[in-house]
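Visitor: According to TrEMBL:
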- 31-196: domain 'Anoctamin dimerisation' (DOMAIN)
- 204-257: domain 'Anoctamin dimerisation' (DOMAIN)
- 260-870: domain 'Anoctamin transmembrane' (DOMAIN)
- 271-297: transmembrane segment (TRANSMEM)
- 348-364: transmembrane segment (TRANSMEM)
- 429-449: transmembrane segment (TRANSMEM)
- 461-485: transmembrane segment (TRANSMEM)
- 505-531: transmembrane segment (TRANSMEM)
- 551-572: transmembrane segment (TRANSMEM)
- 678-700: transmembrane segment (TRANSMEM)
- 730-750: transmembrane segment (TRANSMEM)
- 835-856: transmembrane segment (TRANSMEM)
- 903-961: region 'Disordered' (REGION)
- 910-921: compositional bias 'Low complexity' (COMPBIAS)
- 929-939: compositional bias 'Low complexity' (COMPBIAS)
- 940-961: compositional bias 'Polar residues' (COMPBIAS)
């Protein structure tokens, strides 16, 4: 095996020597047994000791000699002095499973390569029968310095520069804003770039060994206990994060993003920075939403359509809501629904929809600026994407393909066939990275240029397409099942003899149906997450980045469909295909398709959206995040106790930090965290026209979510491997797509779900007074009760038998028309206005969004000025370096010329020719000419105006480059 060690550091000044000073607290829980060398990384495997026999060179020793992990006792020192005598050592006499022996051999060889790379290793002292063994790794400073040179790490220039300070009103406003923000700043030390320990590490290849059972887990250590020590100056980073970030009492403070990045890495730091920007920008959206809601509440008493619906003198007799069992009813009984609908369906809703579309564009632009600022402050501007090694699954499939090809070409007798499946899976096992460096361990490449083609992936693609379509069918079936539930329960409750039950049919059915929808969504969410991971594995992505992007796309597609399918049904399909009196559409030939409430479908859409959004946030985002990790930890603890009931603790005293960290829950990635927020962003932006309070509830949830995630990362999870990242990846593209999609959805919600367009059409085209008086009568059509189909007429009517006509909400011709019950001219006028509004709204909002994106620059002005200054300094550094090279070359030429002059003096002494008689410009006569010195080649980019390199221009002349 060949071992390479890579470290990624910003500057040698940044990285403090990880050799602990003896004068300070050694913090033995975080160090080797000598109390000096810090434990940077931990590998864990399950240990089983068979018996003790006399040492034999043919046996595999399980107790590898550690590098000072435990002080030598008297007996061990005596054994060192008597090397010839046989010593009794602990060995494995042969595990019952051959695979265990192979795992031991792989571990020994791998650890040997780690030592060859310069790492220092400490093992557990083997005084227990079985259990978990911990291997501690330490990266010396010399290894880090050497590999930093190999990676060409940028270092800050010594020369400092100052930007021009702002003056006048801008400076005053900035100073006032800084003072107002002071109470909200976390009390953490300022993370100066030159003083921070920039730790970047990523763990990719160890997953192969963990998957094969060679190791159980691998993780970096936390910085000690998170409980406060009582001394503010002696707090470690974990304690600072717990006190100033991971407490609910710190909800009003800004997040210490620089400290988060320092402790967890850039990828996690960017997630919390993005979440913070999103939460901050929800504040203005919440304020505007509250204003819109209170505007509807303040104008509900003066709303003419609501007054007409609540006016009992109007006496609109409505057609029955179901066949036979339902009676005729008066429109005034739906007064409460009409008044509640006005709270969300008013002229201010259109303004709010436009505002939220522009808000989405501003949010994306603001995040781009924030991301560029973080890239600059975290020194990620010049980071290049490194070529990723293939995933273990990809390597395994490629190995199987190669073996089949070799079998077909009669290459069957390969040496080491028995161990090939285990060793070949170790190829490209890289990045056993300590918190201060990245470790690459791999076998010599034997793959050549062979790779998996589309033919190898075709079965996976076919299964993916069919499975996703099947999942879509499952989601639609769940929605349809709830529709059937609503229809049947409505019919059954309408047949009840209890008048109170009949009066509460719509409220009861709507509430219970939404709760059923919520439960189905939560269950299918968990199933779809596992299905998405399984389908992504079938595609055999080559790298982890490809795997993550494909997994995110599938999971988002399935969960988006699952969360929004019931809402899309209520917004755009409910009541559209119910038919009309005398010609209703039936399900299973018995049940009528459901219709919207008398006040319209917008109030039902609001109820559906609010319950699903709040339910998902409360149950899935909070209860599940708190309960599931604790449940998993309990199950894992019980499982470990059952598997190792007699395990002897190595040190009966206080447990070491690696033992405490191993008991924590492993980190599973940021995909679930991002997915929660992306689905919430959809609730806030897509159907916000129907629920203006959605940003407010999202804001309240995110304030809790930030602290909940922080507490989980600091106290309940193992410390994740820090991964460098410049952006949030594919999530930005999803956010951008949702922002554009929200413009279309809100346009259709305002046009087709609300009554905004019908009210405008009536007021400006059909109203005789130019007001909304008579709007309700205009939207109701007439139906002759004699045209009911047999068996559908109400069996018992409390309104009398003199009813000739009943009303229903639609734009159709009356029974006395030449074309009865056909769509009227008003219907086509309203439809044309709706389509025109959709086109106008989309073009207006998209144009304004593009204008906002154009007006707001992606790069902040101060960052742009700093980048220009740094480029200027960089050019100065290069010029000074080239100048020093030129001076060095000139000094070398001068030395050569001095030697030449000395030789000339010797020759002149031999010929008795005084130097004073030599003419200027003439060479003294010699018996043989002196050899001319060949000038050395100048380095690239020698910026100088000197035409001569030497005072003897007649002997050596150079042209400036």
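Numbering starts at 1 and runs along the chain as displayed.
Positions of Cβ are set from backbone N, Cα and C atoms, glycine also.
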Visitor: Would you kindly list the residues that approach the transmembrane segment (505-531) from elsewhere in its chain, counting only those six or more residues past its ends and only Cβ-Cβ distances under 8 Å?
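Guide: Cβ under 8 Å, 6 or more out: 337, 467, 471, 474-475, 478-479, 482, 485-486, 489-490, 493-494, 555, 558-559, 562-563, 566, 597, 604, 607-608, 611-612, 615-616, 619-620, 672.
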Visitor: Select the range from 348-364, 551-572, 678-700, 730-750, 835-856 that forms the most Cβ-Cβ pairs under 8 Å with the transmembrane segment (271-297).
Guide: 678-700
Visitor: Given the model, what does the mean pLDDT over the domain 'Anoctamin dimerisation' (31-196) come out as?
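Guide: Residues in the domain 'Anoctamin dimerisation' (31-196) carry a mean pLDDT of 64 in this prediction.
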Visitor: Would you mind splitting the domain 'Anoctamin dimerisation' (204-257) into helix, strand and coil residue counts from DSSP?
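Guide: DSSP composition of the domain 'Anoctamin dimerisation' (204-257): 18 helix, 3 strand, 33 coil.
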Visitor: Any contact between the transmembrane segment (551-572) and the transmembrane segment (348-364)? By contact I mean 3+ C-beta pairs closer than 8 Å, pairs at least 6 apart along the chain.
Guide: no
Visitor: With Cβ-Cβ distances below 8 Å as the criterion, list the same-chain residues six or more beyond the ends of the transmembrane segment (730-750) that contact it, or say none.
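Guide: Residues packing against the transmembrane segment (730-750) from afar: 274, 349-350, 353, 356-357, 360-361, 363-364, 367, 548-549, 552-553, 556, 571-572, 602, 605, 674, 678, 681-682, 685-690, 756-757, 837-838, 841-842, 845-846, 849.
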